[in-house]
Amino acid sequence: MARVALQSLTLLWAVTRTSTQTRSSCSVPSAEQPWVNGIQMIMENSVVNSTFPNPSILIAMNLAGAYNVEAQKLLTFDLMASDTAGLTAGQLALTIMALTSSCRDPGDRVLTLRTQMEKWTPSSLDSYASTFYGPSLAILALCQNNPEMTLPIAARFAKTLLADSSPFDVDAGAVATLALTCMYNRIPIGSEEGYRALFAELLKKIVEEISSRIRDNGIIGDIYSTGLAMQALSVTPQKPNKQWDCQQTVDTVLGEIKEGKFQNPMSIAQILPSLRGKTYLDVPQVSCGPDQEVQPTQSNSPSPVPTSASNITVVYTISNQLRGVELLFNATISVSVKKGSVLLVVLEEAQRRNPEFKFETTMTSWGLQVSSINNIAGNVNDKTYWQFLSGQTPLIEGVADYTPCDHEHITANFTQY
């Protein structure tokens, strides 16, 4: 009986996957492919100098087809050897999908994630919808591993989201759409029809919110949210209530690439699968062939500057001047790090030299992000967060990607948006 059910489920998955993935189509013109190749190389080359193994980058490499096989191997081995203790559900889910897309067994990580999600509850009944980003990734990873066991977890999650009145940001809505589409497509035959209706109802709500963020030029939300949104809108069984011109979105993104907007490895990791015609739903279908490095046609995109062994000095300030927040402070320290080090290394060195500069990080849709400094954490309900600036200019790259220069003054300022 179980074998028959499994065969039926596999057939249902094949049929629904084909129907959803062929509904929306767009592509990068062949003449523009070198620009996509160029940003992919920037992303892959960042692996060697990164102090943090980023699973999102490995997923993008595997979906797109890696050029730098050595970087692909290095990142795979780093993630296989990484300690999963203390990881959030979102971080663990990305690691599982990264290993799955590398044809590696994620092992007991799946059981750990399932246990986390069985115990999951929102932080409050009116949680801001962006906080569902990590749990949505968890549902997606579990769905790809075992949809039948994930069904009750996903149903409880869906009911929670339906009861939440907060608007979704584009990133969280896109990942939730991918997770729910996976579940919608893979509901085992014989399960209650109520599951399909539940997922369809929530998908309709989220897709309507995402489509309302489509701009006249095709960008969805902002340029850096567009990649995940493209994935979501291209596979969801619920059509957007606003007409979406996928090719216009691709053409606008290509224009932004030419303007140099995609230099951050994480931003590239989020846009690359869509430009290659892939989504996170393709993770279980990645074919892992023999190692073979193929260099793409070079584009005019700038190449990363080689790092040097010499040291630089970075001035680092932490500042909390928000009224109503306990422990006001403003402290500055100068630290010496190797030239080419990312900002995360600066923070780690400052913390090593002075415990007053202690910090904590979490994984977000943008990558590794500082969530707390001196036990003061950002709060979505209070709209507070730690903003990093170079001089007076806010950084657009994360601490694991931004590379400070000699004598640069970096400030972490606790602020509101």
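Think of each number as a place in line: the chain as shown, counted from 1.
Heads up, the Cβ atoms here are built off N, Cα and C, so glycines get one too.
Look at TrEMBL and you will find D171, D222, Q270, L395, Y417 tagged as cyanocob(III)alamin binding site. Around the Cβ of D222 (cyanocob(III)alamin binding site), the same chain contributes V170, each under 8 angstroms and 6 or more positions distant in sequence.
According to TrEMBL, the feature compositional bias 'Polar residues' maps to 294-307.
Taken from TrEMBL, the feature region 'Disordered' covers 286-307.
As annotated by TrEMBL, signal peptide applies to 1-20.
Its own atom aside, the Cβ of Y417 (cyanocob(III)alamin binding site) has 8 Cβ atoms within 10 angstroms in the protein chains shown. All protein chains considered, the CB of Q270 (cyanocob(III)alamin binding site) has 27 other CB atoms within 10 Å.
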